[in-house]
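J.: First, the structure itself, so that you have it in front of you.
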Amino acid sequence: MSTLFTRISELRTVSSAGTLADAALTVADGVITWVGSASDAPAQAPACEETIDLGGRAVLPGWVDSHTHMVFDGNRGAEFEARLAGSSYEAGGIAVTMEATRSAGADRLRALVRDRIAAGRAGGTTTFETKTGYGLNTASEVESAQIAAEFADDVTFLGAHLVPPGADADEYLDEVVGPMLDGVAPYVQWIDVFCERGAFNESQSRRVLEAGIARGLGVRVHGNQLGDGPGVQLAVDLGAASVDHVNYVTDADIAALANSDTVATLLPACDLSTRQPLAPGRRLLDAGATIAIASNLNPGTSYTSSMNFCVATAVLQQHLTLDEAIAAATTGGAKALRRHDVGDGLDPQGRPAKGTLVPGAAADLHVLQGTSAIDLAYRPGMPQTYQTYVAGKLV
Ligand code: NIG
């Protein structure tokens, strides 16, 4: 099936082609085949079987949400309310979600993840990473990985999210790098660790990540969320694709990121929910680091999948330009998942790239209600997403 999408008021390719006014694009078999001026469309796309008139709306690549925790049951609204009354965020809340997740049952977890994916898509997200990390025993982590793999584009093993209450840390890590890793391996592409005071220290974190590397997994790190720490340097040292949170970073951390291929992933909704200082997106960009923006959907620190909200926050409060914020939430996320365009619209593994609208890339489109993407920041909180297309199909 080939399709012409036309009457696009503003087409943000998020590539060297920039932003086109009065644009059109063509799609065949889920992949973009041509991008250009709407007036050239009849000549360029004579053979398209279908035409979709987008009515003078803005189009950008679908959001690439490179950090979510979708596989969970339960609600921690009371913990959130206590934070509003002055208590600080502690990693221990994870254990509350662990209990609810372990007892949910696969069918219920599957339904919850399906709904979360649908909500993300309704807000313009077309690529989802998600992770385990609320099972915290082998059976439940494997169940979580299996369900995640049914829905998400990329799955991360986060058995090292927290030492479960009552367990010995070293014995638990023996399980994480042994039977748990064996069990989840068929379903995951990435390994992650919560390298933070109250979770795992540097040597424990390194042990987990090296076990994943030995199994051929890519590395991601939760780091520098609650205070200064070794997460960023560890991530860079191990060639991680991303280090996520980065609220508390030193000049040396920023320099290390700028001289690496490790993406610094900002999670603005989480920063607001936990009342942490917003991650220094402006400083990171100015230093030359690559950044991503992700939702961090989870019940403890960021119970939202709204990338539109995250992008608005990055512009309004983290002092990114609109172009920078859109790039971070599209190609930035794609880089954090190693799904970005490395030439001809293909990613490093030769798949249609994500997060950019160029020939060869995935036809993942976020159609806005309005004529310009400036509305994302100019009209924060207003409905923004008109339609979402994944591989050229309306979802
Ligand atoms: O990314 N920081 C660690 N993990 C999650 C929060 C988990 C929770 O509190 O349930 C995060 O913020």
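Using the three backbone atoms N, Cα and C, a Cβ is placed for every residue, glycine included.
Nobody curates TrEMBL annotations by hand; they come from automatic prediction.
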J.: Same 4-imidazolone-5-propanoate site as Arg76, Tyr134, Gln225, Thr301 according to TrEMBL: which of His161, His319, His340?
T.: His161
J.: Given His67, Arg76, Tyr134, Asn296 as the binding-site residues, which ones have a Cβ positioned under 6 Å from some atom of ligand 1?
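T.: Checked binding-site residues vs ligand 1; flagged Asn296.
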J.: Distance between His67 (Zn(2+) binding site) and His161 (4-imidazolone-5-propanoate binding site) at the Cα atoms, whole Å?
T.: 14
J.: Would you mind sorting out which of Arg76, His161, Gly300 (the binding-site residues) have a C-alpha within 10 A of the one on His222 (Zn(2+) binding site)?
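T.: So far as Cα distances go, the binding-site residues lying within 10 Å of His222 (Zn(2+) binding site) are His161.
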J.: Of Arg76, Tyr134, His161, Gln225, Asn298, which binding-site residues come within 10 Å of His69 (Zn(2+) binding site), going by C-alpha to C-alpha distance?
T.: Tyr134, Asn298
J.: How many Å separate the Cα atoms of Arg76 (4-imidazolone-5-propanoate binding site) and Asn296 (Zn(2+) binding site)?
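T.: Spelling it out, the Cα of Arg76 (4-imidazolone-5-propanoate binding site) and the Cα of Asn296 (Zn(2+) binding site) are 15 Å apart.
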J.: How many Å separate the Cα atoms of Gly300 (N-formimidoyl-L-glutamate binding site) and Tyr134 (4-imidazolone-5-propanoate binding site)?
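T.: Between the Cα atoms of Gly300 (N-formimidoyl-L-glutamate binding site) and Tyr134 (4-imidazolone-5-propanoate binding site), the distance comes to 11 Å.
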